[in-house]
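This report refers to the structure that appears directly beneath it.
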Amino acid sequence: MNINMNSITLIILGIIALCCPFLVSMTYSVFSGFVLLMIALLLFISAINIFKFHRVGGIVAVVLAIISLIFSFIVMFNPALISAFISFLVYISGCIMIISGIYYVFLARLSYNPLLVFGISNILFGSLYIIIGSFIYNPINLSLLIGIWLICTGLFSIIFER
C-alpha cells in the first residue's frame, strides 16, 4: 500500500466522520470507541509503510495501534465504563495522536519525509482534540474535528508526497 492509498483512506474516513456526526453523537461511548478505532486504523496503515524503511518504527506504530484498538473495543462494548472515564478518554485519544505525531516527526527526520506531514498533523489535531474536548462536551463537534483532521492529513499527504 503506498502513500496515495493511505491518503485516499484518510480522506474517505474524514468524509464519513463529517457526513455522519449524528451517528457518533448517539452515545459518547460509541463515539470515543470510533475515534480510537480510526486512530488504530491510521496507525496500522502507517505501520505498513514504516516497516519498509524502519523496523522498530513499524513495531512502535503497531503497538500504539493495538493499544488504541483495545481501548476502542472496551469503550464501545462497555458503556458503564465510559460513564466513569468520559473526560479521561478525551485525553487518551489526544495523547495517542500526539505520541504518534512526535514519533512520525522523529522518523521523518531519519529518512521518510512524508511522515513529517502525518506527524505535524497528529500533534496539531491531538492537541486541539484535548483542548476542545476539555471545553466542549458535544460529541458532534469532536467528530467534526476528527473528520477535518483526517481530511487534512490525507490532503497534505497527497500535496507533499515526493
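Glycine too: its Cβ is placed from the backbone N, Cα and C atoms.
Taken straight from TrEMBL:
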type	residues	note
TRANSMEM	7-24	transmembrane segment
TRANSMEM	30-51	transmembrane segment
TRANSMEM	58-76	transmembrane segment
TRANSMEM	82-106	transmembrane segment
TRANSMEM	115-136	transmembrane segment
TRANSMEM	142-160	transmembrane segment
For the transmembrane segment (58-76), sequence-distant contacts whose Cβ falls under 8 Å of one of its Cβ atoms, 6 or more beyond its ends: 29-30, 32-37, 39-41, 43-44, 46-48, 50-51, 82, 89, 92, 96, 99-100, 103
Tertiary contacts of the transmembrane segment (142-160) (same chain, 6+ residues out, Cβ under 8 Å): 3-4, 6-11, 13-18, 21, 24-25, 31, 34-35, 38, 42, 90, 113-114, 116-118, 121-122, 125, 128-129, 132-133, 136
